[in-house]
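Have a look at this one before I ask anything.
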Amino acid sequence: MTTFEEIKEINGNNIVKLYDNKKQSLLDKINNGEFMKIQAPMVRFSRLPFRMLCRKWGCDITYTPMIMAAEFNRSESARDSDYTTNQFEDQMIVQFGVNNAEELCAAAEKVANTCSGIDINCGCPQRWVMKEGYGANLLLNPDKIYDMVKQLNNRVPVPCSIKIRIQPDLNKTIELVKRAEKIGVSWITVHGRTSAMRSSHPVDYDAIKLVKENTSLPVFANGDVFTLEQANTIKEKTGVNGVMAARGLLSNPALFMGYDKTPIECIEDFINIYSEYGGLHPIIFHRHLIYMLYEYQNKNEKSEFNKIKTVSGILDYINDKFLF
Ligand SMILES: Cc1cc2nc3c(=O)[nH]c(=O)nc-3n(C[C@H](O)[C@H](O)[C@H](O)COP(=O)(O)O)c2cc1C
């Protein structure tokens, strides 16, 4: 595991050039119309080892979990625990939970040399996030979004994207997207549910299509992508520039390569990456494996595996049952 401060030491001044190239090459690919398969930001889960795994198994872009910018700016220990990367990560976007330009620019400056872009979370509907004026609350105060994007573009040389949910009045979503485009957003991800809708609610792909038709920005569709076939259908249906998956990739990080369940080699890769780079709490490491193995285990096996308490116990179990 390498913190970004350590990477700078390893690479010296070359790091700036390296990441400038990474930023530009990702933007070029997106703007040239290359279809993007994207691993969604996921609190607790989309940390370094999982991002590396997804990148290796078919994702073109990966996102960190939402990082609270204010805390990140204030505390070194928050920075060390919330953000780790290494020289092998590329096309990785850092997502911030933030509601003002000062905090966003300060946080972005700290990571800009080690990522390919900054995303503002404008879609998290959790009560505490809404109450503090972050996440989907920003959709109700879009001027804050425009101000953050504008100031970030002026002050930090890094592409800036936003991840939004649709609103019950789609005119408001269209208006927001048009203004975001004018102000200089690089791309937009649209989760096709409103803030009030749970993940079991069907995704409104017509709304995503409408957004795409009303902007010349690259648009990524998010919601209910569990197979490559679904990703392709959404592409056809909406005309978007990419699709983003969250829960689908948790249960099958190789879904964008066309696998219908996690290949055992992918699980082996995950264990190797985790062993080499760390960057995950053991409980989350275990949780990832529970998701990836879901299709392989019956009820009793699931319950036996869930009860294991140590990393060595988890590794022994997987070695015995899956890696001969
Ligand atoms: C465990 C988990 C954590 C999430 N954390 C974030 C987050 O940090 N930032 C964010 O924008 N969305 C977050 N989301 C929402 C997803 O990025 C995505 O928008 C949503 O799950 C819909 O996609 P899906 O149908 O592919 O799961 C999270 C979702 C899950 C399941």
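From the backbone N, Cα and C atoms, a Cβ is placed for every residue, glycine too.
Bear in mind that TrEMBL entries carry predicted annotations, made automatically and left uncurated.
TrEMBL feature annotations, pasted as is:
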- Cys124: active site, proton donor (ACT_SITE)
- Pro41, Met42, Val43, Gln95, Lys163, His191, Ala246, Arg247: FMN binding site (BINDING)
- 39-307: domain 'DUS-like FMN-binding' (DOMAIN)
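Can you walk me through where each of these features ends up in the structure?
Its Cβ taken as reference, Cys124 (active site, proton donor) is surrounded by 22 other Cβ atoms within 10 Å in the chains shown.
Secondary structure at Lys163 (FMN binding site), taken from DSSP and collapsed to helix, strand or coil, is strand.
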Looking only at Pro41, Met42, Val43, Gln95, Lys163, His191, Ala246, Arg247, the residues listed as binding FMN, what is the longest Cα to Cα distance in Å?
18
Measuring Cα to Cα, tell me the gap between Val43 (FMN binding site) and Cys124 (active site, proton donor) in whole angstrom.
11
In whole Å, how far is Cys124 (active site, proton donor) from Ala246 (FMN binding site) when you measure between their Cα atoms?
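Cys124 (active site, proton donor) has its Cα 13 Å from the Cα of Ala246 (FMN binding site).
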Using a 10 Å radius around its CB, how many other CB atoms surround Pro41 (FMN binding site)?
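The answer is 27.
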Compute the C-alpha separation of Cys124 (active site, proton donor) from Pro41 (FMN binding site), stating it in Å without decimals.
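Here the two Cα atoms lie 11 Å apart.
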Non-local Cβ contacts of Arg247 (FMN binding site) (under 8 Å, 6 or more apart, same chain)?
Ser199, Phe226
